[in-house]
Amino acid sequence: MTDKLIIFDTTLRDGEQSPGASMTKEEKIRIAKHLERMKVDVIEAGFAASSNGDFDAIHTIAGLVKDSTVCSLARANDKDIQRAADALKPANSFRIHTFIATSPLHMEKKLRMTPEQVYEQARLAVRFARKFTDNVEFSPEDGSRSDMDFLCRVLEGVIAEGATTINITDTVGYGVPEMYGNLVKTLRERIPNSDKAIFSVHCHNDLGMAVANSLAGVMIGGARQVECTINGLGERAGNTSLEEIVMAVKTRKDYFGLDVGIDTTQIVPTSKLVSQITGFVVQPNKAVVGANAFAHASGIHQDGVLKARDTYEIMRAEDVGWTANKIVLGKLSGRNAFKQRLQELGVSLDSEAELNAAFMRFKDLADRKSEIFDEDIIAIVSQESALAQEQEHFKFVSLSQHSETGEQPHAKVVFSVDGKEVTGEARGNGPVDATLNAIESEVGSGSELLLYSVNAITTGTQAQGEVTVRLSKSGRIVNGVGTDPDIVAASAKAYIAALNKLHSKDDKLNPQRS
């Protein structure tokens, strides 16, 4: 019988720690729904004790997700664990994931605790977590730099207290594949009760080896859970990439001999959603989900693929969710045709009101753009879902701008503030700068623009532009996304979306690491 590899997604927790990737509750819910549709085994929805916002997001996701196990991180203390348990109460299936640092450096410099104190606190934490669930995970933070004898003692102790998953962390991405794989193997061999728990790997990508280290932990070490994120999202250089782990194991089943339960056709749609929400653009040559992942420029390669796809393609683009860039609808298409195409794309809206609003946006786009592609429809629905779920303090109404060679462009933006229309006018170094200045002339947010990027949703000169802006204020970083065939209008929408997030403030109370 083939072993199953458990996929533990931590996009909503560890992925969110990437500077600028902070998500609203509504955005987390949208991603969680996609992860469930992808059949992810465990969704780490956040860190309940870190903020009221994270608690609420976990609590809501726990009530909505039915087919995946929902998890919350908790430090090794009763208060954090109680908070996690309270947040997870609505879940069909839940896990508490508790952690404490075990490396000499972390114990001395960060925790200011002796090894004996850490050992006792780890055991007590797992014992307390078991009062709420028999699904308890323990992580020794900075495990790859911990003393082997001490690490074995701690892990033996927490397994004795009832930990069912032991997660070996390479917190700073210091490991190399053979070393890390042997670390997991040695732990499993030396700990007398290791057979009572599933071993897991959690690797960071600081040296570009997160995926390789994770796979070594599986093949050499015998781990049967991989902790990962969509697009490898995470602080510093990121985390282990879910899509790369899944497709490596599926494509090379002859080597790994493992099964994963993931619906791989949901990988690309989920990747695009995470990229849109966080503002982190996927590099074109990124494995599996990059725009060039299945592109062939070499004439020899193109000829080979045309004759037989498996000459240069080891997996099929459609198997991971890439769809042909085809024209599907036009301005004469009706609501039923639009709804049917959404169903074919596996896209759902929460209410008839959202469907009607999305259809009106589609009709508006069709009047301005002769060719409507699947990607346009997905962008419309994503934008509508975001607008329906976010609280719109500011709302874009209209834009006019004028520019001539040798003169500074002028922009006039009409938008509403809590339902009351205001008009901002300003000049700038370009039409986009003038537009954002016009908005700021009325808002006066005092924020700093950290990022402005534009991507074409489809090909051709009529393509919709997708603009991402990242704003910073008082140490808080937010993203906003806007789409429109007019790049300047898309920029205004993105900026206003970011301002709405700044307006609904939810700061983290406690730092989180693993």
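Positions of Cβ are set from backbone N, Cα and C atoms, glycine also.
Together with D14, H202, H204, Swiss-Prot lists one candidate of N52, N77, N135, N239 for binding Mn(2+), that being N239. The number of other Cβ atoms within 10 Å of the Cβ belonging to D14 (Mn(2+) binding site), over all protein chains shown, comes to 27. Over all protein chains present, the Cβ of H204 (Mn(2+) binding site) has 26 other Cβ atoms lying within 10 Å. Cβ environment of N239 (Mn(2+) binding site): T10, D14, G15, H202, C203, H204, N205, A210, E227, C228, T229, G232, L233 lie under 8 Å away, each six or more residues apart in the same chain. Taking DSSP states H, G and I as helix and E and B as strand, the region 'Regulatory domain' (395-514) has 30 helix, 51 strand, 39 coil.
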